[in-house]
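In what follows, a structure is listed as structure tokens, so that the remarks can point back to it.
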Amino acid sequence: MLINSVILVLREVLEAAILVTALLALARVIQLGFNWLWPAAVASVAGVIGLASALGPLTDMLDGTGQEVTNAALQIGVFFVVCAVILDTRERSDGRHYSAFTGPLMALAVALAVTREGSEVLLYVRGFAAVESYRQAVLLGSALGAGIGVSAGTLCYWALVTRPGRLAYRLCLASLCLLGAGMVMQGVMLLEQAGWLLNVDPVWNSSWLVSEESVTGELLYAVLGYEATPGRVQLGLYLASLALAISASIYAARSPYRGGQTS
Amino acid sequence: MTSIRVSLVAMLIAAFTLVSFLAALLGYRASMDRAEELLDTQLRYAVDILRYHDAVGAEATGANSPERQIDSPERQIDSPEPGADSPGPEGDKSLQPGEGFAFQVWRDDQLLQHAGVPGSEPMASFDAGFDYANFGGFRWRTLTVAGADGTWYQVAERADLRFTLAERVVMESVLPLLTWLPVAAVLIWFLVGWGLAPLRSLSQQINRKASDDLEPLVFPTPPVELRPVVGSTNALLARLSSALQRERDFASHAAHELRTPISGLKIHLHNLSQDLSADHPSLCHIRADVDRMQHLVEQLLDISRTQPELMRGHFATVNLHALAERVAASLWPLFSEAGLSLSLGGEDCTVQGDEVMLDTLLRNLLDNARKYAGRGSEVEVTTGMDEGRPCLVVTDDGPGIPAAERDQVFRRFYRVDDSSGVGGAGLGLAIVWQIAQLHGAEVRLDTPPPGKGLAVRVYFPVAEASQ
């Protein structure tokens with residue numbers, strides 16, 4: 001039970017932690033500051049509690065696929081907001097890499113991601129911790145998973161912000177591209193579960209290398225949306241989203257005013 | 001602004017948490033693997049007991065009834081009930097699937113004995129060895145062993161229950177990692193603080209240094225990481241000290257070298273005025289230019305001498321009023337010649353300062369007032385306590401300085417744009433500013449009460465003698 005709790009919580013926390021730390025690092029690199037964190041935290045808590053409370057009615061919607069569709073919408077929503085954040089960090093004529101919208105966009109991305117991942121964790125912990133025999137294992141496993149996820153995020157943050165200015169900016173954008181595309185992949189998989197998309201003709205099968213059920217597979221799924229047998233639609237949407245995010249990054253990184261410092 | 005201490009503590013706690021939690025998980029998995037081996041061994045023992053029981057029972061009864069149930073070993077050992085009836089042929093209902101243990105004995109597709117599980121179907125396939133199977137609403141760990149005469153012994157233990165005890169034991173060893181994490185965080189906070197003590201000491205030593213203190217930093221045994229910083233800083237201070245000494249020497253030599261030819265020029269001008277008429281236009285122009293050059297040289301030397309980095313003031317207690325009286329008396333003829341009145345007011349007050357520098361400060365203020373206030377103006381020097389501090393004020397009723405320009409007039413060579421045609425290099429107030437800085441004084445410009453003119457107020461720090 002403990003190991004299951006660790007993996008489930010780690011999978012959810014790691015995904016949110018890496019995204020949040022990539023945005024935090026980007027905010028520091030572009031000298032935006034962290035004032036946007038407060039509204040993000042409030043919106044995240046409200047979102048987690050709200051979604052966890054409404055999950056029952058949501059699940060019954062759309063012929064029982066409401067939960068999958070909602071989660072997919074949140075994942076894909078995060079991707080588009082992340083793309084908007086990337087575009088908004090282009091350098092302006094006054095040397096700034098942010099506008100009045102950058103902070104709110106970052107807060108929105110964090111709130112959407114934490115709502116999605118946090119509600120899953122909350123439901124899991126609340127459900128199993130109610131059973132006396134599982135309580136200790138679930139709580140301990142959740143704490144270990146959350147600790148590992150947050151620690152990994154913290155170390156990623158310092159790894160990003162301690163790079164030289166321009167490199168740190170590019171690394172932040174690259175991280176956001178991969179995370180965003182991974183979220184689209186997860187969203188597509190959820191839509192397949194809901195029957196909205198068909199997963200036919202797997203392009204490859206990499207189960208022999210990394211099984212989806214293994215711990216590595218679970219963590220790769222969490223961070224990059226790993227799928228051992230991706231279908232054509234999945235792969236196409238993943239590559240399209242990755243291309244979109246990379247294009248936004250290139251546009252932002254090569255914005256006309258290159259003279260400004262980024263750290 | 002980021003703090004090295006906060007960054008280090010955050011990184012160390014994160015790294016410590018990550019590594020210790022991952023190590024705990026690896027330890028947990030290894031412990032659970034070991035526990036599974038032990039539990040599997042127990043299942044083997046259970047099969048051995050079952051086979052022994054079966055063999056003994058067969059010998060005792062001399063026959064194998066086609067289907068009979070027996071008490072589970074657990075019930076006989078753990079729950080002895082004195083006087084309890086022996087199980088009937090239809091089986092003992094006390095061993096239920098919920099109790100976590102079950103067994104079956106099959107021979108030639110016929111169930112001979114069973115407990116803890118309905119007897120209609122085998123618990124697992126008849127393949128010898130361990131496996132997992134689902135029945136009775138639970139997942140079970142099964143062991144199938146082939147006996148003699150086509151007999152199959154199957155024992156099973158509920159998978160969810162068999163690890164409960166083992167998991168609890170392992171969790172007890174993992175839990176302290178979590179509960180002691182805050183203690184580790186506090187410890188890391190203090191340890192990092194101690195580790196950064198040399199850096200803090202260096203920073204404080206640099207902060208405490210006065211602007212004119214170019215002595216090397218005192219750091220007898222700096223840590224390896226700080227050794228280059230201390231070395232470079234001391235080398236820089238030495239170079240700076242040497243450069244400033246050269247500049248001091250230059251100012252001193254330049255004063256002599258520039259004054260001498262100017263004095264020569266003035267003597268020759270005086271001689272020329274004997275040969276030419278005193279109001280000869282060229283002579284008048286040359287005399288005015290030489291006077292201006294002399295004034296400029298004096299000001300340049302003043303501004304060079306009064307730089308805080310160069311100046312090594314000889315501070316003593318100075319009576320501002322007495323100083324003002326002396327300077328005003330010496331400048332009075334110039335004011336009178338220019339058609340201005342000069343008056344002195346206020347009271348005695350003392351400051352800690354360099355008398356020569358303060359003399360230069362007041363001379364520049366009065367010189368400015370004389371030049372810019374205009375003929376017929378009244379200039380007043382006042383000394384006394386204002387806002388609890390010694391204060392020197394020079395007031396005139398001339399055109400004043402526009403409020404927008406008052407912050408800039410202290411810059412070197414800055415001149416207020418006016419049409420008075422007064423010559424000047426724009427150094428007077430810059431010299432005043434530098435000398436005020438040397439004395440830790442504050443200079444304010446404002447318009448005096450009638451709403452016309454300029455008041456320059458120099459507030460000095462409270463000197464011990466004036467307290």
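The backbone N, Cα and C atoms fix where each Cβ goes, glycine too.
According to TrEMBL, the transmembrane segment annotation covers A:6-29, A:36-57, A:69-87, A:99-116, A:136-160, A:167-191, A:235-253.
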What residues in the same chain, six or more past the boundaries of the transmembrane segment (A:235-253), come closer than 8 Å to it by Cβ-Cβ distance? 79, 82-83, 86-90, 169-170, 173-174, 176-178, 180-181, 184-185, 188, 203, 225
Quick one: find which recorded stretch in A:6-29, A:69-87, A:99-116, A:136-160, A:167-191 has the most Cβ pairs under 8 Å with the transmembrane segment (A:36-57). A:99-116
Other parts of the chain folded back onto the transmembrane segment (A:167-191), taken as Cβ under 8 Å at six or more residues beyond its ends: 15, 18-19, 22-23, 25-26, 29-30, 68-69, 71-76, 78-79, 82-83, 85-86, 89, 97, 113, 156, 160-161, 197, 221, 223-227, 230, 233-234, 237-238, 241-242, 245-246, 249, 252-253, 262-263
